[in-house]
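Trainee: There's a structure below that I have some questions on.
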Amino acid sequence: MSEQSSSRYQQLQNEEEPGENPQASTDAPPPYSSIAGESSGLFDYKDELGFPKPPSYNVATSLPSYDEAERTKAEATIPLVPGRDDDFVARDDFDDADQLRIGNDGIFMLTFFMAFLFNWIGFFLSFCLTSSAAGRYGAISGFGLSLIKWILIVRFSTYFPGYFDGQYWLWWVFLVLGFLLFLRGFINYAKVRKMPDNFSTLPRTRVLFIY
């Protein structure tokens, strides 16, 4: 009886196991050697696409140092013409310092009469004591008119006989010289006096007066 039961409960062979083994073998990853052989062409293709490669030793050693790179960067940030931005600041009018350098009509008339009445002494005093354009141009103009005055006095006075006898060209030279000095001082002051109106809307300008 026991033998019949043992034969009845014999272990059956699993029929699914042989089928799972081929599937497991197909799911296993391929060996590394086969992957390396198949993908070597792909890696070579990526290199040919232009990916950056490290520079050679010669190129790496020829690169600028850190100090040179910083110096180049600092030079690039420096403007080509330094200090020019201050020269282009718009101005509404001349300031007080510019007005003192130009002067006014009162200074011009004062130095004019000083040079005219006191001749060359008044000219040197008024020219050296004043630093404005009006004062110096007034001194020049007054000295020119004073020179004309003395030429006429010497020419037509009976107290100085024989000064221009036979030398009338010298009389004309001094007369023309005095007239030119008078006109130069008067005309130049008239031009300088109009500068505040002409330069009021222009950028800041440095003006050099040549007397």
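Backbone N, Cα and C define each Cβ position, glycine as well.
Note that the structure is predicted; figures quoted are calculated from it, not measured.
Straight from Swiss-Prot, here's the annotation block:
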COMPBIAS  1-13  compositional bias 'Polar residues'
REGION    1-48  region 'Disordered'
MOTIF     54-57  motif 'PPxY motif 2'
TOPO_DOM  1-106  topological domain 'Cytoplasmic'
TOPO_DOM  155-162  topological domain 'Cytoplasmic'
TRANSMEM  107-127  transmembrane segment
TRANSMEM  134-154  transmembrane segment
TRANSMEM  163-183  transmembrane segment
Trainee: Which residues of the chain, 6 or more past the ends of the transmembrane segment (163-183), have a CB below 8 A from one of its CBs?
Mentor: 140-141, 143-148, 151-152, 154-155
Trainee: Over the topological domain 'Cytoplasmic' (155-162), what is the model's mean pLDDT?
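Mentor: Mean pLDDT for the topological domain 'Cytoplasmic' (155-162): 70.
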